[in-house]
Amino acid sequence: MTNYSFRYAISPKDLKRYDTIDLRNEFLVHDLFVKDSIQLTYSMYDRFIVGGIMPVDQSLKLETIPYLKSENFLDRRELGIINVGGKGKVTVDGIEYVLNKKEALYVGQGCKEVVFSTAKGGQALFYINSAPAHKKFPTKQVSQKDAEIIQLGEEKYANKRVLNKLIVNSIVETCQLQMGLTELLPGNVWNTMPAHTHNRRMEAYFYFDLEAGQTISHFMGEPQNTRHIFMQNNQAVLSPEWSIHSGAGTSNYSFIWGMAGENLDYSDMDICPPNELK
Ligand SMILES: O=C(O)C(=O)C[C@H](O)C(=O)CO
Ligand SMILES: [Zn+2]
């Protein structure tokens, strides 16, 4: 079964009037993993789609949804997949890719059939991002050994973390999609601090591997007008291009970042010094 919902893009001026419920309705994406279903949220931030796929008793085919008005999901889109559960399989036009936890697959525009299944002995959980694409690039699996790894942060700032670039232009050719995975080391809780914005690209964060009973306060908004959203394990949050995206957990955790927009330059960021945030 495929379930889908829609989010409009909003102006930073509107954010000033939002209460907790409005914020959560506009930006938080929950219920990503539902047994034997594909859960999709189509946003008007660069027409970026965020989704979760949990095949338990059956294989699940990525079907088109009415917002696309296309015969197949990938007729005018590209797709990034990262498995955050047990071993799983993705079959793209008859070719099978086995994805272990934290492995990624880029699927190029024009592929017709993408089918997700769980391999024996685990429960695969596929987190997906998709953006419009004008050109077909080859489908490519990206394992941890292929990742471009960057050590970030310091213990004394509680932000020591390992950033794994997976679907980025030094590793995979894409039209506008970029995805990767950042792991906070034990005792470290702050991600993306110093915070930044990138007016050229929107971004979505998906938090996972958070210990039961813990939470993450995700910060968003213009750097001098921020709001927070308390997030639970396996939830995603949309970040408009004008918004910071940073979080502090009550323990460590991992998260997947995905972006689309004007450029493929990961380092194109406008940094916000911590002591200037409001
Ligand atoms: O830990 C971090 O810092 C990140 O993972 C930052 C994201 O990659 C990002 O926001 C890229 O624009
Ligand atoms: Zn960013």
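A Cβ is built for glycine as well, from the same backbone N, Cα and C atoms used for every other residue.
Per TrEMBL, the features are:
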type    : residues                       : note
BINDING : HIS196, HIS198, GLU203, HIS245 : Zn(2+) binding site
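Annotated features, which come from TrEMBL, shown on the structure.
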residue : record              : DSSP (3 states)
HIS196  : Zn(2+) binding site : strand
GLU203  : Zn(2+) binding site : strand
HIS245  : Zn(2+) binding site : strand
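Least crowded of the binding-site residues (HIS196, HIS198, HIS245), judged by neighbouring Cβ atoms within 10 Å of its own Cβ: HIS196. Annotation for GLU203 (Zn(2+) binding site): same-chain Cβ neighbours under 8 Å, separated by at least 6 residues, are SER239, HIS245, TRP257, GLY258, MET259. Listed in chain order, the residues near the Zn(2+) site other than HIS196, HIS198, GLU203, HIS245 are THR192, ALA195, THR197, ARG201, SER239, GLU241, SER243, ILE244, MET259, MET269, each with its Cβ within 8 Å of the site Cβ centroid.
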